[in-house]
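*Asks:* The structure is given below, and queries will be raised subsequently.
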Amino acid sequence: MNFNNELSDLEKSFLFWTLRVQEYSYDTMHRIDFFLWELQVLNCFLHLQSFTFASECGMLDISQKMLEICKRFNTPPPHNAFAYWKELICKRLCAISIRPDDGFAYWKKVIWKTKQEFRAKYSFPKTLLADNKVDDDDTNPEFVMEFIDAVVGNLNVLVKINDPSSLLFVPGPKEQIEQVLKELKLLRFFVCFVSNKCIEPQYQHTTFYTHALIEASHIAMVVWLNLPIYGNRNQDLASSEVSCLLSNFMEMKIKSIQPGISRNNIYIDVLQALKSTIPQAQKKHAAESGIVEIPTHSLMVGLSDQMANLQEMLCLLKDNLIHLPILDLEFQPQDMDSVIIDAGLLIYSFYDMKGEKEDTTLEDINRELGFDLSRNIEPIKVMIYLVMQKAFQCNLPRIHGLGYVDFLLKNLKDFQGRYSDSFALHKTQIQVIQKEFESLQPFLKVVVEEPHNTFKRLSEDCAIQIIRKAHEVEYVVDACINKGIPHWRLKGWLQIIIEDITCIKEKIQEKNTVDDTMKTVIARTSSKLARTPRMNEEIVGFKDVIENLRNQLLNGTKGQDAISIHGMPGLGKTTLANTLYSDRSVVSQFDICAQCCVSQVYSYKDLLLALLCDAVGEDSDRRELPDNELADMLRKTLLPRRYLILVDDVWDNSAWDDLRGCFPDVNNRSRIILTTRHHEVAKYASVHSDPLHLRMFDKDESWKLLEKKVFGEQSCSPLLKDVGLRIAKMCGQLPLSIVLVAGILSEMEKEVECWEQVANNLGTHIHNDSRAIVNQSYHVLPCHLKSCFLYFGAFLEDEVIDISRLIRLWISESFIKSSEGRRLEDIAEGYLENLIGRNLVMVTQRADSDGKVKACRLHDVLLDFCKERAAEENFLLWINRDQSTNAVYSHKRHAHLAFTEMDSLVEWSASCSLVGSVLLKNYARRPLSSPAFSISHILLNFKFLKVLDLEHQVVIDSIPTELFYLRYLSARIEQNSIPSSISNLWNLETLILKHVSRCTVLLPSTVWDMVKLRHLHIPNFRPENEEALLENSAKLYDLETLSTPYFSRVEDAELMLRKTPNLRKLVCEVECLEYPPQYHVLNFPIRLEILKLYRSKAFNTIPFCISAPNLKYLKLSRSYMDSQYLSETADHLKNLEVLKLYFVKFADHREWKVSNGMFPQLKILKLEYLALMKWIVADDAFPNLEQLVLHECRHLMEIPSCFMDIPSLKYIEVENCNESVVKSAMNIQETQVEDYQNTNFKLVLIGIESISTDTKEKKLTVTRDVDADEVQLVVEKQRKRGML
């Protein structure tokens, strides 16, 4: 209906005028919203001017009355009443000459008075439907549906407003309004159904459409005359009376419209007309036509027990069909139409006959209609199963985590204990399924641990089928618990699942019984992907890399050396290797040069023949020789000579194992160049030289390559250089991308406009063309890594991803397959290192102490690939701003959804019952503002949700404790206590909550019933009932990380540590005033590796010594301590590797004494803001120290001289310390470098006298203004040492 633009213009006018009033407030906005709603409803009635019923019942009178009201202001009403109302309202509402309240009150009074007058004489339309002579254009179903949509939109406004200060607020329960809304929506579905199914318009259809229009208009009038109560200040009708009015209206709908014309007769007539000519169904989504909504209409409220079975089946059909495209059905759509129409005829006939005779039975209806319900129910049953199973199966993602069976087996065991009554009828079948899955666990383990076996494809196909069956079992078991599927259907479905699992096992057993000789056959056929490198291709960039590699080839060790070059696809590894291989200065130093390209799938014989051809020439007779003779021939050919071999594109270690025996080592400086995408292969092949990870291009190299490829030997025009530089930068430093774009530019006119167009569209072109290369790397990923890799598509562009968070998400998503004796986190780290080794993931940060990856990110090309491929695989779907919810019907179900706004989550929630993960990604990367978001009612639709990661961006009003499948929850809260119902989330493994403000959060004792918790992170929490915690004997054996409990007493800390015996990381805050002697040593869990301890009150003494035999990382902050305390603590921390002291004051006249043997394994010592003057360190202390960092230790006199003699020391950093500390640091550097030849040593000085020298790079950097003479002295001194 064409009123949106006018209303939008009207709203803008309101806003313009309200800005002119002295006070701009929410009240003003509420008034504007009120008037807009009133006018939108009136607009609906104005579109009914051509209908007789609208005139006879008085609907048009009220519109005319409004026009007459306009005339009272001595201004003739314009043709467009809306334009006139807009002008009038602006004058009355916001006139400067009168108070805004006066204008508002006046206009509201006029509206309400008119409603009162009309309500007294309004009645339901009584006109005979047959007498309604209307134009075809007005009675078409499109108009009826458009009118119903407008009414639904107006009612939705009243339902959604929960703010009592709004003039549109409706107090009390809104169930009646919601029921009316449902009726209207189902009526629209019925109209759409009839419209889509009828071939030619008939009398029955016209009658039905008119009736639908009468019902919708009457609903709109009843609501408009009586609601909203606050806005109209309705004193004569209370909210309860309005609800009663609506309820009475609902009952009236099933009565006769007038004698001789029954509503049910109209529906029966139209359904019988459709039944006689069921057309070929359109191949569209079933939900678009409301194909099964009609029989489950609210008329079924009064159904007798005889119809209950039919109602149950039809509801199941409706609920499952809504997500299923017609094209995926395994039967004719006409069959479903026939079933639905028959069911509708049964229902409406039942009501029609019940109206005539109260004791009407089902048999009476069957005789009247001429068919048997019992017989007709059977095809409905069959159809229901087909639809339900197909709807579920077609919505499953095609990529799965192999750890899903682990999760299912644990839940099946728990379910049988928790819901024994629900499982009573199906216990035997479920136990059979449980045993079958347990028997398949060894097979899944082999798939993960031996991904490159001969039957890789078959193994992965079987593994995916197993995981899909696990998802199906979860769905059926949940339906068993929640009574979502009748028992007659569950039994058959479970039996079919058992049969399917048996078939999968037979396939696996058949694979395992293949003849042993077949198992040893290496499926290495000639690859169509193998390529011959271009020998003379000129390389641009990597000048420094080439020089280093040339030096390794010509010099270095006398023994054989394999120089491995690895990096992601498109970096230019092959081009770089061929540049060296064809370099005359290199080739001239070798007796034999030979090369081969291995590729992903290769023939061992072909590789040997290629190398022999380069070494001794072509000989066709060699192809007839067996592989072992060819290998021996090659080895003998190379044995006495110095050789250079290029082995390009090696994909796995086994390929290198096949070839390495052919390359003898006789200490004659023979060299092998090997290129690979995978770090693990490069490392495996390296002998003396470290693998070279080929970097990306820098800015200058990117531009030079682009210019070279586009202009050849010529230079770029100055007019094009700016846009050219921008294009080169947008290529992401990837040589392959640069070459692809250069190919596009070479074919275009050398005009700025053309290049600008390329720059604007660069992302799409680059990524589409690069996809084939990335796709090849993805294709060869083992099954268990594919889901891990695609999951990166859930992160934002250039986002630095915290590894701890990533691994927790992977585990919660069941991507990690368990292995006996190994932690899931350790296995996940191995998965990540594998992806890094394949150059699919870039490391952005590693831990200084152990080198473990702490953060990573994906290159844009790879990120886009992950997003696109994940969507294709039904794995992950991004829902962005303003994306239509109608798109859900054109997509299958996705296992994971990433939203950019909470509003999108609200709109899509109704279509996400099978979604497993919801991830909120805020592009602004900052917390969204309060107030708290009401989330509980939305998440009820996500019944299988396992991951809810709101990234601390959204404040939620409550914790969704109904989602018992949930394994990962991350959000922000504003409550000061966690509800005891949190224990309902008995599958929860990771709970991360952040508070909007700094306060203590009370944790209920029921948390200790959540035995699957692995990671618990809540700021400043304390037990709500310490006595209950003490009495509760449960322990969280699986809990590994805990932050941040607040301990006011040592006893509290002792208690919590006893409850968490397997902690590995603890961040806590303590406020212990005094420490009793019996607690002199606080024993932390034996597995604890990381401890961060903060004092709530600065510079109080830590009242206990820390005992943690396996602690590796300790951070103490805001404390007061002495040498004795640290000495006694050190005695209990023999394996400590990292010690960080922040804001610490020392007693004993600000002195710290470190005795011999203290901190024997310490590698990193960081001291920041220490109140320390004198530091005395024994000669044998810190024997393995590698890094010393001093920040803001302004009172410290010097660094102890014994640091000069620590052989492991590599790095000292001094920031904002006094001059004597800087001098002592430089003296340590001098001794380390000159006396001990420690060329790896690096000193960084920041702040006063900030002169930084890097001995390895022979570089000096001044980071602040320093006296020039002093800089000169430092430079001369460093030059004498050969350091610059």
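Residue numbering: from 1, along the chain as shown.
Cβ atoms are placed via backbone N, Cα and C, with glycine included.
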*Asks:* From the ranges 533-555, 671-693, 809-831, pick the one that Swiss-Prot records as coiled coil.
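*Replies:* Within the set 533-555, 671-693, 809-831, Swiss-Prot attaches coiled coil to 533-555.
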*Asks:* On a simple 10 Å Cβ count over all chains shown, which one of the binding-site residues Gly567, Pro569, Gly570, Gly572 is most densely packed?
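*Replies:* The residue with the most neighbouring Cβ atoms within 10 Å is Gly572.
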*Asks:* Measure from the Cβ of Leu571 (ATP binding site) and count the other Cβ atoms within 10 Å, all protein chains considered.
*Replies:* 24
*Asks:* Which whole number is the mean pLDDT over the repeat 'LRR 2' (985-1010)?
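*Replies:* Residues in the repeat 'LRR 2' (985-1010) carry a mean pLDDT of 89 in this prediction.
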*Asks:* State which of the following binding-site residues has the fewest other Cβ atoms within 10 Å around its Cβ: Met568, Lys573, Thr574.
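*Replies:* Counting other Cβ atoms within 10 Å of each of the binding-site residues Met568, Lys573, Thr574 gives the minimum at Thr574.
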*Asks:* Should anything in the same chain at least six residues away from the repeat 'LRR 2' (985-1010) have a Cβ under 8 Å from its Cβ atoms, list it; otherwise answer none.
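*Replies:* For the repeat 'LRR 2' (985-1010), the list is 411, 414, 808, 811-812, 930, 946, 952, 955, 961, 963-979, 1016-1025, 1028-1029, 1032, 1034-1036, 1038, 1046, 1059.
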*Asks:* For a three-state summary based on DSSP, what are the helix, strand and coil counts in the repeat 'LRR 8' (1219-1243)?
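*Replies:* Per-class counts: 17 helix, 2 strand, 6 coil.
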*Asks:* Kindly report the helix/strand/coil residue split of the repeat 'LRR 2' (985-1010) according to DSSP, in that order.
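*Replies:* Its residues divide into 5 helix, 9 strand, 12 coil.
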*Asks:* Under DSSP, the repeat 'LRR 1' (942-966) has how many residues in helix, strand and coil?
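*Replies:* So the repeat 'LRR 1' (942-966) is made up of 0 helix, 5 strand, 20 coil.
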